[in-house]
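> The phosphate binding site feature in Swiss-Prot is assigned to SER10, ARG50, HIS51, THR181; the stated evidence is sequence analysis. Sequence annotations record features per position, and here Swiss-Prot assigns substrate binding site to MET180, ASP204, TYR205, ASP206 based on sequence analysis. Under the heading disulfide bond, Swiss-Prot lists CYS130-CYS195, CYS246-CYS248. Among the features that Swiss-Prot reports, site 'Important for substrate specificity' is placed at SER163, ALA215, with the record citing sequence analysis.
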Amino acid sequence: MPKIGIIGGSGVYGIFEPKETVKVHTPYGRPSAPVEIGEIEGVEVAFIPRHGKYHEFPPHEVPYRANIWALHELGVERVIAVNAVGSLKEEYKPGDIVIIDQFIDFTKKREYTFYNGPRVAHISMADPFCPELRRIFIETAKELNLPVHEKGTYICIEGPRFSTRAESRMFRQFADVIGMTLVPEVNLARELGMCYVNISTVTDYDVWAEKPVDAQEVLRVMKENEEKVQKLLKRAIPKIPEERKCGCADVLKTMFV
């Protein structure tokens with residue numbers, strides 16, 4: 001079974017021809033969609049469309065626990081998450097790729113943990129993303145001459161609404177990009193000892209910029225971002241070593257009370 005899982009949206013559709021589709025039943029309900037299993041450049045991978053096959057789940061209703069649990073149950077050890085984000089900084093331009101290294105959680109009512117009792121866990125999130133996967137994707141993006149930022153702080157809001165201008169200006173003080181789907185996905189992967197890397201693609205500037213958003217321009221950028229992400233995945237995934245040496249699973253040794 002695959003040891004690499006991808007969670008993403010339309011930008012990842014069609015990257016491989018599924019060899020198998022697996023319906024996984026979890027203690028947390030059904031995942032967003034059946035898990036598709038196929039190969040990318042000879043490497044077996046599993047894929048879950050985060051928002052569902054027909055984009056039926058808004059960000060605050062995505063079954064995050066079921067998605068992560070399903071991948072873990074299939075034997076996945078590494079999760080590659082792809083998100084579209086808005087930019088909070090001038091230098092993070094539409095069309096850029098950001099390999100996120102930190103996040104701020106501004107969500108409000110999601111299921112954040114697998115441990116709601118009777119067992120209690122406190123997971124360290126000081127460095128929430130896998131250093132080994134981050135290095136591979138940064139190096140590969142540079143090899144491909146893609147516009148990549150090696151670091152970025154992602155602020156995750158509840159959604160599905162977008163920010164007010166006042167909120168956007170406040171968020172600019174703390175973060176570089178803004179989105180709605182990183183949390184609790186990253187927390188949950190860490191609780192199961194899985195490696196997790198986030199590839200964020202910038203579609204536009206958030207409303208702080210006070211520039212009119214051109215819908216056609218956003219669609220054009222999104223299409224270009226899809227091509228960049230697929231190119232990046234196809235080049236980077238074969239470089240991921242079979243054995244994990246990152247220490248991501250070590251957090252399990254100290255998380256339980």
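Cβ coordinates are placed from backbone N, Cα and C, and glycine is handled just like the others.
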> Go through SER163, THR181, the listed recorded positions, and name the one with the sparsest Cβ surroundings, counting other Cβ atoms within 10 Å.
SER163
> Do me a favour and check the Cα-Cα span between CYS246 (disulfide bond) and MET180 (substrate binding site); whole Å is fine.
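Rounded to the nearest whole number, the Cα-Cα distance is 27 Å.
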> Would you kindly give the Cα-Cα distance separating ARG50 (phosphate binding site) and CYS195 (disulfide bond), rounded to the nearest Å?
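Distance (Cα to Cα, whole Å): 18 Å.
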> Under 8 Å between C-beta atoms and at least six apart in sequence, can you list the same-chain neighbours of ASP206 (substrate binding site), or say none if there are none?
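Sequence-distant Cβ neighbours: GLY86, SER87, LEU88, PHE162, SER163, SER168, PHE171, ILE178.
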> Test of understanding: give the count of other CB atoms lying within 10 angstroms of the CB of CYS130 (disulfide bond).
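Result for CYS130 (disulfide bond): 24 neighbouring Cβ atoms inside 10 Å.
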> Specify the nearest of the recorded positions ARG50, HIS51, MET180, CYS248 to CYS130 (disulfide bond), where nearness means the distance between Cα atoms.
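When the Cα distances are compared, CYS248 comes out closest.
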> Tell me whether CYS195 (disulfide bond) sits in a helix, a strand or coil according to DSSP.
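Reduced to three states, the DSSP call for CYS195 (disulfide bond) is strand.
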> Name the residues of the same chain, 6+ apart in sequence, whose Cβ is under 8 Å from the Cβ of CYS248 (disulfide bond)?
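Once residues fewer than 6 apart are set aside, CYS248 (disulfide bond) is near CYS130, ARG190, GLY193, MET194, CYS195, TYR196.
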> Nearest of the binding-site residues to HIS51 (phosphate binding site) by CA-CA distance, picking from MET180, ASP204, TYR205?
MET180
> Please determine which of the recorded positions listed here (MET180, CYS195, CYS246) has the lowest count of neighbouring CB atoms within 10 Å.
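Lowest Cβ count within 10 Å among the recorded positions (MET180, CYS195, CYS246) is CYS246.
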> For the C-alpha pair, I'd like the distance in angstrom between TYR205 (substrate binding site) and ARG50 (phosphate binding site), rounded off.
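So the Cα of ARG50 (phosphate binding site) lies 23 Å away from that of TYR205 (substrate binding site).
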> For the C-alpha pair, I'd like the distance in angstrom between MET180 (substrate binding site) and ARG50 (phosphate binding site), rounded off.
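Rounded to a whole number, the Cα-Cα distance is 12 Å.
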